[in-house]
């Protein structure tokens, strides 16, 4: 891909902050439209001095200025005005002047605090993530005889959600019901966010169903809940329900952001294009966050042409825009273009950040550019003063490991333990041991992971692959027995393919699809045609000690092969097949896809856990380096 397709004249970047995707942040829009502490009783004609002080307090942006205002309030006696003191407490707990210790001292001088003053401090605890103190202070409120209102409960629920405290959330939920707030839509949305953060999707849905009125914020929380808890298809389905004539509720830009992320995860290009069209009709595609999300979505769907088009349309490209483009090029195998884009970004006057370097180091890793990788790694530390994090070291370990420089990768991890590389870096190196069949080093890495108490089911699978590659079936059997004895269960391979806006899922030996009979017959026909063209199953990909015929049969039912068969069965000749898998594809399925692209004249775009494979005319964009 020519870099000139997406480079534009230099634009000066605007300051841009990354969007915060967690569920709790979805409530910000609603909360900004409401009084933060509850509606205080109206004052018939507030004194001018009180009104002036409140305006002054709200405009305060420094700690020193806040102290001056406090001194004035003490001298004038205005601190005894409940409205003024509430405004002061509220300002003192929020950035950029937040100081909870100071706020507590001020609060203690109030002889009989009301619920609004208590809520000011309660919100301060919740905003500062002082979760234990939030609950403690609420109990103190009750001791003082102050009965909380709906805003008090919303702050408590936010604290419980931030630490994923389901028992604490249950207690607050009971108090909400006991105090008669169970029909409050704001509180029900907060309860949804709590249950979503605790991965209790059914309870979140129950809160949603109990709402007398469901606004866009509530829909977004539920969509995000499904998206974050491996229920992506349910999240997409909610978009259609929102647009139905029964609801007539328009998704907003936050809805688009969440769903674009889901489409990227699933590789659901058709649905992603629907979201893009909807965003364009409502003007959301002009916002930088949506534009950057569109770049990421199209990149993760293997559609770099459209990712480049979106990149073109951004008038003021920030570091986030450039980083998304560089990462997209890297994961799709355009390593040289990603490196060139990094240089163009520098020429445009945009300073790279840690995410930019993750993208460019990933590009080097996927293409074996060892010298360039070291150069960027040194540049990050020496020129831009960015301390490498786990992702950067992981890219370097991956780069060295793929290139067969296992000893160098091992030394890098051992030398840099101080940055807590630990499990992730060792796991990356273990994957390289599988590629190169280094069973001895693989065993040492497993020992390190056991010492760190960080071993996962996937680590044992990598070790199994390493032993199987070396033909050491006795050790394969030993590891399998260990996994069984320890109750270690692996995640099944799952491949998805989108057709006509609907996502179809397949797992190994799948018999759940409604067209399973047709799919297996088509797979048998495809395999027969490929064998005539020279395809031979790579039995080293099967981890069981069995005869060659049985291994070939076992390999035939891998999830990506079922997805390919379904795609060929259900689409017209020549149509591109886009498949996403949750795990790394095996060597045999990789070869299978190459033969399919040649024999059936199909472009097969396949995304596994780490990168894209574009199969065309019997060749893969990774050049068999993955």
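For all residues, glycine too, the Cβ spot is worked out from N, Cα and C.
Curation does not apply to TrEMBL; its annotations are automatic.
Per-residue confidence over the repeat 'PPR' (215-249) averages 89 (mean pLDDT, predicted model). Marked as repeat 'PPR' by TrEMBL: 215-249 (among others).
Residues or ranges marked as repeat 'PPR' by TrEMBL: 318-352 (among others).
Away from its own ends, the repeat 'PPR' (353-383) comes close to residues 319-320, 322-323, 326-327, 329-331, 333-336, 338-339, 342, 345, 389, 391-392, 395-396, 398-400, 402-403, 405, 610-611, 622, 625-626 of its chain (Cβ-Cβ under 8 Å, at least six residues beyond either end). If you look up TrEMBL, you'll see 353-383 (among others) marked as repeat 'PPR'.
Positions annotated as domain 'DYW' by TrEMBL: 534-626.
The DSSP breakdown of the repeat 'PPR' (318-352), given as helix, strand and coil counts, is 26 helix, 0 strand, 9 coil.
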